[in-house]
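Reviewing the structure listed below.
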Amino acid sequence: MNDVIRDFFKMESAGGILLVIAAAIAMVIANSPLNESYQAVLHTYVFGMSVSHWINDGLMAIFFLLIGLEVKRELLEGALKSRETAIFPAIAAVGGMLAPALIYVAFNGNDPEAIKGWAIPAATDIAFALGIMALLGKRVPVSLKVFLLALAIIDDLGVVVIIALFYSGDLSTLALTVGFAMTGVLFMLNAKNVTKLIWYIVVGFILWVAVLKSGVHATLAGVVIGFSIPLQGKKGEHSPLKHMEHALHPYVAFAILPVFAFANAGISLEGVSLSGLTSMLPLGIALGLLVGKPLGIFTFSWAAVKFGVAKLPEGVNFKHIFAVSVLCGIGFTMSIFISSLAFGGANPDFDTYSRLGILMGSTTAAVLGYFLLHVSLPKTAAESEKAIS
């Protein structure tokens, strides 16, 4: 289908391996004598923010910018162009947020402190999910990759809204006003057919700063910028959107995502007890991710097709959808972020055990999701092409 996406995921397969290696190294370091140095580096302040915040709010905004570009292009000229195919991942994402939250509440609804973490298993870590899928290379149909892209970004946008509504203590009205104004400027540039990317970069940077200062998760700015970049260039010009995609791909695949994994995967197991590990909090999170995610995504997807609201993407069957739904149980970094908002300051023990629940659920979902994809996909790239044609 689209050579740009194929090239991206071909390169991403190597990036996916780096992602897993970086996460594994971080876990080893966090549980070794080097943990103190590891934490010290991440919490070192540079230009008013810690290194960890620069990675999660700065570098990851670039990743979300790339995702915004990918999804916009697919909506306009690719696999999500029709209403039926575009609505499919949106419905799946809604199910993928509702079911995990309900499972968590079933385990922790009677605890007034633990209930604050109800949104923790509702998240999907798009970076890790894409990295695991990319390990299977060209065996994965392009349409299935696009489905995961769209589902995960809608899921993450939903979580951003949840954070803004339920976990943002002090929202800055001034910063939000500037953010909305810059969003308007970006789409005005698009409407006026401005194709020079420098204008989008300058205004987008101001938007990112405004969103960062507003109290809302700064990565949302990357998505907005991505959707504002024009797909069509002026006569005789290349597509600005595709040009930016090509420019960002190697940096995202081989630098940003591995650094992101290294900075976020280091969870210390010091002081952890078996009774704490099997308590309602970590179990609710782990089962929310491992059971709730696939239950919600698959059920809503099946119902959407069954009742004629949407249709399956080309070359994709329900075995593939179920495998991807399990893969979406990798909540990891976005879940950890919500955990820190819910428990970090007031209850460090809750924060520790919630992170372990996230780790248990996400790791199991990653292994099981990879296995299910491996056995359900065509054995070769050629067979995958034949299934689509």
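One-based numbering along the chain as shown.
Using the three backbone atoms N, Cα and C, a Cβ is placed for every residue, glycine included.
Predicted, not measured: the structure shown is a model, and the values here were computed from it.
Residues annotated as transmembrane segment in Swiss-Prot, with sequence analysis given as evidence: 14-34 (among others).
Beyond its flanks by at least six residues, the transmembrane segment (47-67) meets 41, 126-127, 149, 153, 156, 204, 208, 212, 217-223, 225-226, 245, 248-249, 251-252, 256-257, 259-260, 263-264, 333, 337 of its own chain at Cβ-Cβ distances under 8 Å. The feature transmembrane segment is assigned by Swiss-Prot to 47-67 (among others), with sequence analysis given as support.
The feature transmembrane segment is assigned by Swiss-Prot to 87-107 (among others), with sequence analysis given as support.
If you look up Swiss-Prot, you'll see 117-137 (among others) marked as transmembrane segment, on the strength of sequence analysis.
What Swiss-Prot lists as transmembrane segment is 146-166 (among others), and the listing cites sequence analysis. Long-range contacts of the transmembrane segment (146-166) within its own chain (CB-CB distance under 8 A, at least 6 residues past either end) are made by residues 5, 64, 67-68, 70-71, 74, 78-80, 86, 88-90, 92-94, 96-97, 119, 122-124, 126, 129-130, 133, 215-217, 219-220, 223, 297, 313, 316, 321, 324, 327-328, 334, 337-338, 341.
As annotated by Swiss-Prot, transmembrane segment applies to 171-191 (among others), with the evidence given as sequence analysis.
What Swiss-Prot lists as transmembrane segment is 197-217 (among others), and the listing cites sequence analysis.
Here Swiss-Prot flags 252-272 (among others) as transmembrane segment, drawing on sequence analysis.
Per Swiss-Prot, transmembrane segment is recorded for 280-300 (among others), and the stated evidence type is sequence analysis.
Sequence annotations record features per position, and here Swiss-Prot assigns transmembrane segment to 321-341 (among others) based on sequence analysis. Listed as Cβ neighbours of the transmembrane segment (321-341) (distance under 8 Å, sequence separation of 6 or more from its ends, same chain) are residues 56, 92, 96, 117, 119-125, 127-129, 132-133, 144, 147-148, 151-152, 155-156, 159, 162-163, 167, 217, 260, 264-265, 285, 289-290, 292-294, 296-298, 301-302, 312, 351, 354-355, 358-359, 361-362, 364-366, 368-370, 372-373, 376-377.
Marked as transmembrane segment by Swiss-Prot: 356-376 (among others). Away from its own ends, the transmembrane segment (356-376) comes close to residues 120-121, 125, 128-129, 132-133, 135-136, 140, 267, 269, 272, 277, 281-290, 293, 317, 319-320, 322-324, 326-332, 335-336, 339 of its chain (Cβ-Cβ under 8 Å, at least six residues beyond either end).
Using a Cβ-Cβ cut-off under 8 Å and counting only residues 6 or more beyond its ends in the same chain, the transmembrane segment (171-191) has close neighbours at 164, 199-200, 203-204, 206-207, 210-216, 221, 224-225, 228-230.
Within the chain, the transmembrane segment (280-300) has long-range Cβ neighbours (under 8 A, six or more residues past its boundaries) at 91-108, 111, 114, 117, 120-122, 124, 151, 318, 321-322, 324-326, 328-331, 335, 350, 353-354, 356-358, 360-362, 364-365, 368.
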